[in-house]
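Trainee: Have a look at this one before I ask anything.
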Amino acid sequence: MYVKNINLLNYRNYKKLSVELTENVNVFVGDNAQGKTNILESVYYCAFAKSHRTSKDKELINWENSTAYISLLIGKNRLDKKIDINILRDGKKAIKVNNIKVNKIGELFGIFNVVMFSPEDLKVIKEAPSLRRRLLDMELSQVNPNYYFNLVQYNKVLGERNILLKSRSFSEDILDVYDIQLSKYADYIISKRLEYINKINFYGDIIHREITSGKEEINFKYNCTVNLENGKFKDNYLKKLKDNIQKDREKGLTSVGPHRDDFSVFINNIDTKIFGSQGQQRTSILTMKFASLKIIREITGEYPVLLLDDVLSELDLNRKKYILRSIKDIQTIITCAGIEDLNDYLDDKVKIFNVSNGQILNQGRNI
């Protein structure tokens, strides 16, 4: 899978952009605040219909205009697919795939797969569980539309249950109806998350040993708010919901379920969130991202597009070497301030684009 070309109109600081990419490595070079990341963001947006940087779509629209437009031509399984997205200031968006309207966001997932690695990803390891859940949900949704459906339904029922809890006066028979629905969707979500974590562990073990020259072992552990040991998740979840009714009533929210789960990362049996160095935390997220590349290829038969947003300068030599060795069969779009650190690792298949003030100064030159 690869992006053949990108077309933008009134997208952030790009009034108009049309750029042809190579199937291999594409490097966008320029100073800060010139628009390099905006290009990666537009590619990411076509996979998920959302930005990795903001939840407010209106921020994507050039301030002098009322709409922004993104168009990608994608090569996938020897066929071309075209994604067109119009973004409006009122928060609405119109999406088409091969000129056919996409009515629901879930219909977009799986059309185009990406994995992004940016400096902000360090927060996944260091900060709130919601960031780790979001990462799992995004990765699973893009390879399994049914996962996204179950997640949407779960959150809908969860919201209705919480409204009922906040009312403080309700029949437990009505609550039972919500609990049965929640357990059905939660069972699917948890099973797919566990499968994904198992795959991350399989590929991650190999990747992490290579990055660290065999000095470290990595392990990802899913932390579930419900007992998983006897294999009867639905029964265990229903019991836990009943046990927590009083607490949930007092707080006006549901205290257990996939929306409260988390995962931990251990290096040599040490929790990296609490005790890991910044280097180990970086390596953990790097391992997870590259394991995701392998998983997506296993499921879809093709590597996704890899987006590297100004991360190479943040990495030591071993990590940098691992990335640049590993991307030879993967279309990769890199942003950086300079190519001095890349010259020794990249070949003549690489295209370099110089970016300045929302413009591409050249249409790709070989390194």
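Residue positions begin at 1 at the first shown residue.
From the backbone N, Cα and C atoms, a Cβ is placed for every residue, glycine too.
What you are looking at is a predicted structure, and each value in this text was computed from that prediction instead of being measured.
What Swiss-Prot records for this protein is below:
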BINDING   Gly30, Asp31, Asn32, Ala33, Gln34, Gly35, Lys36, Thr37  ATP binding site
Trainee: Using DSSP reduced to three states, classify Thr37 (ATP binding site) as helix, strand or coil.
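Mentor: Its secondary structure by DSSP: helix.
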Trainee: Rank the binding-site residues Asp31, Asn32, Ala33, Lys36 by the number of other Cβ atoms within 10 Å of each Cβ and report the first-ranked residue.
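Mentor: Counting Cβ neighbours within 10 Å, the top one is Lys36.
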Trainee: Note down the number of other Cβ atoms within 10 Å of the Cβ of Thr37 (ATP binding site), including every protein chain shown.
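Mentor: A count of 21.
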Trainee: Which are the residues of the chain, Gly30, Asp31, Asn32, Ala33, Gln34, Gly35, Lys36, Thr37 excluded, whose CB is within 8 A of where the CB atoms of the ATP site average out, their centroid?
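Mentor: What remains near the Cβ centre is Thr335, Val355.
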